[in-house]
């Protein structure tokens with residue numbers, strides 16, 4: 001079997017406030033991905049500036065940091081075959097108006113500034129984001145009893 005990879009997924013403050021945490025986790029679990037870490041926290045502005053450092057020169061950066069700091073987030077690490085790419089497909093487009101029904105953003109969002117969820121856009125970004133949000137000992141290694149029913 002091919003190597004499993006990990007991705008970082010964060011439910012943003014609007015997703016938390018709207019009670020979508022369970023629905024989002026359910027979708028990743030039902031797909032067959034394995035949750036290996038999860039935190040419920042209010043991220044500091046400095047932490048968020050580091051997370052979004054690639055966007056620091058964009059005009060929306062201050063508003064993005066303020067929005068992400070406006071309430072709690074659920075930070076997660078999911079593992080599975082092609083989880084980065086598949087996770088991004090499950091999320092839908094960054095702009096919910098461009099997202100298809102059946103995707104998280106297509107089903108639950110209207111505006112880009114309130115798009116409820118973040119997902120790593122590459123394996124390299126995932127590694128960086130996981131390292132930023134979690135200590136190595138917070139990533140739990142276990143074999144899911146469903147593993148053999150999901151993977152050949």
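Each Cβ is built from the backbone N, Cα and C atoms, and glycine gets one as well.
Here Swiss-Prot flags 1-66 as region 'Interaction with AKAP13'. Marked as ATP binding site by Swiss-Prot on the basis of similarity to another entry: 12, 60, 88, 94, 105, 115. The active site, pros-phosphohistidine intermediate annotation in Swiss-Prot covers 118 and rests on similarity to another entry.
According to its DSSP assignment, residue 118 (active site, pros-phosphohistidine intermediate) is in a strand. The binding-site residues 94, 115 differ in how many other CB atoms lie within 10 Å of their CB, and the one with the most is 115. Counting residues per DSSP class in helix, strand and coil order gives 32 helix, 15 strand, 19 coil for the region 'Interaction with AKAP13' (1-66).
In the structure as shown, the Cβ atom of residue 105 (ATP binding site) sits within 10 Å of 23 other Cβ atoms.
Other Cβ atoms within 10 Å of the Cβ of residue 88 (ATP binding site), summed over all protein chains shown, number 18.
Geometry remark: residue 12 (ATP binding site) versus residue 118 (active site, pros-phosphohistidine intermediate), CA distance 7 Å. A straight line from the CA of residue 60 (ATP binding site) to the CA of residue 118 (active site, pros-phosphohistidine intermediate) spans 16 Å. Residue pair residue 105 (ATP binding site) / residue 118 (active site, pros-phosphohistidine intermediate) shows a Cα separation of 10 Å. In the predicted structure, the region 'Interaction with AKAP13' (1-66) carries a mean pLDDT of 96.
Secondary structure from DSSP puts residue 88 (ATP binding site) in a helix.
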